[in-house]
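Trainee: What follows is a single structure, and I will ask about it in a moment.
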């Protein structure tokens, strides 16, 4: 079967369908790239007509409504919620206090998450664990867990791949497949919280909790702390800095944030969730207008439009002046500072002149700069900025511009869990 919708061709074969641009239509491949923010020309998807609904997609109010519409007492929503986010159950069999009728209906229509652990890898120093998670449709994502003294941070993905194409980012190099649902985002956080209740990390070293805006596998040099962890550390922080661009998947990401902040569940406070964007201006402005309770981190990497566009292609769509205007609006509207991320690449953006350019760009803004030495990826031939260059950069920001900054120590690099390293080799 084949049909057209605009310039897009959809071909179906059994449970599979393929989407591509009609080569005969105006624009051809260029039109496809414009429509999909650079996704490959042909994509294959598999339909799963009988797939159950992911219970993690529901807010508590929606769960009450779901019960009511099935003539079940909505009071059970509170117990279901506590099973999911306090007891961290993996299936309906553990929900023993629910009436049999309620549990049977849940089992018939729902699933408790839809992620499978395909692989888990620990860093040599014991600070970091990376999970390769398989989704219901066969796609895969990566999630990272970091341990600190008495608490932990989860770095979660928001998309399968990424359409933004940052040249030094492994996720950008793999291309974009699809958005994650809110439930798939929430399930990553629940998985990390559940893992923390096991004995798997008893011998791991831990770090002090980082300030907002730091990615998985990273911490500042002055925060190393090798005390042993308590037996049941709590998931305290969540960073949307894994695979994907969160503001490209705004609705699902914000729904996930609302679910994760619910006081009756994981209860992650506003000061404990950080969202990192490459600079999707409409999303930043929407965050500001809605005054969403999250920290905002912006991947800056260059203070010159031409230089930034070479590293971050989306800067061609949302130029630096538009991005900075949006960040100013965000801070003025919300009263929050913005964390500006700067990947230090030797000879590219790590000189004293670059530091002063950043200082001038951010002058007068409530800001903090997070300096991140480049992490290796297969698709980018660059060298991390040297320690002395990072210190000089930081000193200039502090001395000449009174601009706070951190220099991150690289963590989880041996398992490709650092900033910019998350990727899945093959996607169906």
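Each Cβ is built from the backbone N, Cα and C atoms, and glycine gets one as well.
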Trainee: Under Swiss-Prot, which of the candidate ranges 129-154, 155-180, 181-206, 207-232 is annotated region 'Disordered'?
Mentor: 207-232
Trainee: Determine the mean pLDDT over the domain 'Radical SAM core' (148-414), rounding to the nearest whole number.
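Mentor: Reported value for the domain 'Radical SAM core' (148-414) is a mean pLDDT of 89.
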Trainee: Which residue, of the recorded positions 166, 244, 300, 419, has its CB surrounded by the fewest other CB atoms within 10 A?
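Mentor: It is 166 that, of the recorded positions 166, 244, 300, 419, has the fewest other Cβ atoms within 10 Å.
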Trainee: Consider the recorded positions 155, 166, 169, 419 and say which one has the Cα lying nearest the Cα of residue 300 (S-adenosyl-L-methionine binding site).
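Mentor: Result: the closest of the recorded positions to residue 300 (S-adenosyl-L-methionine binding site) is 166.
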Trainee: Cα within 10 Å of residue 245 (S-adenosyl-L-methionine binding site) is the criterion; apply it to the recorded positions 155, 162, 169, 419 and give the hits in sequence order.
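Mentor: The recorded positions passing the 10 Å Cα test are 162.
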Trainee: Take the C-alpha atoms of residue 244 (S-adenosyl-L-methionine binding site) and residue 419 (disulfide bond) and report the distance between them in angstrom, rounded.
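Mentor: Their Cα atoms are separated by 12 Å.
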